[in-house]
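Novice: This structure is in structure tokens; I'll ask about it shortly.
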């Protein structure tokens, strides 16, 4: 079985989270581990991926949007989405050479991870033709936006546990106008987010065939500095 590391954090500012991803990326690139799974939450922030759609997917004046949350353009695929407390953001920094060099398969497995996680709570979720992510009926519960460099993945998924969904009302999330968003809480499941994280790690391990050892942020920094 592949060997990886998991880093569980609390609420981390978006740009700080990006720096953590880059440190993890370097560790994976050096072959020190097959993959690092980072789990955290962000303060309220909107991010816009490389597919753009900036003007048509923001439904309020830009100044009003920026009063509600930070706004960044980022390297992942996709259009605009929201991150905030109550949402688990998972950044799998995986070397696909250890699996298959197939980005579509990787995305499929990310979706499968969340579908299996929701099964644990009695929620029937699935995929929707033409769209990425995980859906419950016509509402998206998990968005996916990744980037790949040298067959190593970064960015990842955003899974709504008890997110304040009103933030999504200011945008066309992922550029989608005809469907909405949901969360575990909206579906009647009130679970502690740390418990959901634990189950998510288990499902990542199951779907990707990887055993995780937990590390701390300090440990990651020490490793990064030692190899610099």
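The backbone N, Cα and C atoms fix where each Cβ goes, and this holds for glycine too.
Take a look at what Swiss-Prot says about it:
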| type | residues | note |
| --- | --- | --- |
| ACT_SITE | 174 | active site, acyl-thioester intermediate |
| BINDING | 76, 77, 78, 79, 80, 81, 82, 83, 143, 144, 145, 156, 157, 158 | substrate binding site |
| DOMAIN | 31-212 | domain 'BPL/LPL catalytic' |
| SITE | 140 | site 'Lowers pKa of active site Cys' |
Novice: Would you work out the biggest C-alpha to C-alpha distance among 76, 77, 78, 79, 80, 81, 82, 83, 143, 144, 145, 156, 157, 158, the residues that bind substrate according to the record, and give it in angstrom as a whole number?
Specialist: 15
Novice: Just counting, how many other CB atoms are there within 10 A of the CB of residue 145 (substrate binding site)?
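Specialist: Other Cβ atoms within 10 Å of residue 145 (substrate binding site): 25.
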Novice: How many other Cβ atoms sit within 10 Å of the Cβ of residue 76 (substrate binding site)?
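Specialist: Excluding its own Cβ, residue 76 (substrate binding site) sees 18 Cβ atoms within 10 Å.
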Novice: Round to the nearest Å and give the CA-to-CA distance linking residue 76 (substrate binding site) with residue 140 (site 'Lowers pKa of active site Cys').
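Specialist: Pair distance, Cα basis, whole Å: 18 Å.
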Novice: State the Cα to Cα distance, in Å, between residue 78 (substrate binding site) and residue 140 (site 'Lowers pKa of active site Cys'), rounded to an integer.
Specialist: 14
Novice: Just counting, how many other CB atoms are there within 10 A of the CB of residue 143 (substrate binding site)?
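Specialist: Its Cβ has 25 other Cβ atoms within 10 Å.
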